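Annotated domain 'EF-hand' per TrEMBL: 20-55, in sequence order. According to TrEMBL, the feature region 'Disordered' maps to 114-134. Per TrEMBL, compositional bias 'Basic and acidic residues' is recorded for 119-130. According to TrEMBL, the domain 'ABM' annotation covers 209-297.
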Amino acid sequence: SDDGKLSFDEFKAYFADGVLSGEELHELFHTIDTHNTDNLDTEELCDYFSKHLGEYENVLCVLEGLNITILKAMDKTKKDYQEASSLEQFVTRFLLKETLSQLQSLQSSLECAMESTEEQSRQERKDPTKPEVLSVQWPGKHLARRLQRNNSLSSNNPSSSTGWIEKDSQWVIQINRLQKLIDRLEKKDLKLEPLEEEVLEENARSHIMIIQHQMSVKEEKVEEFRLALKQYLESASAQGGCLHVSIQKLPSHFHFIVYEFWENSNAWNSHLQMNYSKAFQRSNVDFLETPELITTMLVPGKY
């Protein structure tokens, strides 16, 4: 609630990982609450986790430096892009895309590590495996706070007096629109607007393409399939028209559901013609028990 402290309910909502039980989370909460106030403040959280950082202290320091470095590059990109030549703009777009691809590759490795540790913990506890959702891109629900934090870093940075995020920045407006879209699509109690007639502009890109892949994998091919799926998702999410990609692994361990969100049907069709997409479809012939079930749907872009 942005009051500078965490109640147990807030702590549980943020730190629950599906492995620790409610009692264990409650015990952890009181272990961190050295002030015995039934609320955790920043100092208590820092003191607790600082004792357990180990090798991750260096990792987090590097990430902080990387965050500032990227913000500087984005700040300069925003200032110079409009005045640049067509070739210079092309190079800038390529560098942005390559940077994003590298970050997503790193994120995929971390997600695999997280999945392995969670799976091992569940097996050790002999708990029933629950469906897992792996997000390839940043979760929308945390994006606003991340932007606020980055804005603070950039504004306080002496080498960037204005910061790349301004109140009326068109880039931030677009990011916020995507954040709201993903939040609304993830929200279970989604409420659509009252019925109204919408007049579309000619050639307007007004609909988002959503694709669902359902795949039942042969048990002996699961590891090969996961590697091929990872490469496919990395390539798809790096495409300019891809808004979001996520995976659900069902309890059977051999059934996967992939969701893709594309800017429009043209972006989706272009993606289908790419070599990485064709290669993944060819490999599924050997990996799947039954033919892949693909469902597509167009939804109004305003939602």
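Positions of Cβ are set from backbone N, Cα and C atoms, glycine also.
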Intrachain neighbours beyond the domain 'EF-hand' (20-55), with Cβ under 8 angstroms and 6 or more residues off its ends: 4-8, 11-12
Three-state composition of the domain 'ABM' (209-297), taking helix and strand from DSSP: 40 helix, 31 strand, 18 coil
Segment confidence, the domain 'EF-hand' (20-55), expressed as mean pLDDT: 89
DSSP helix/strand/coil residue counts for the domain 'EF-hand' (20-55): 20 helix, 2 strand, 14 coil
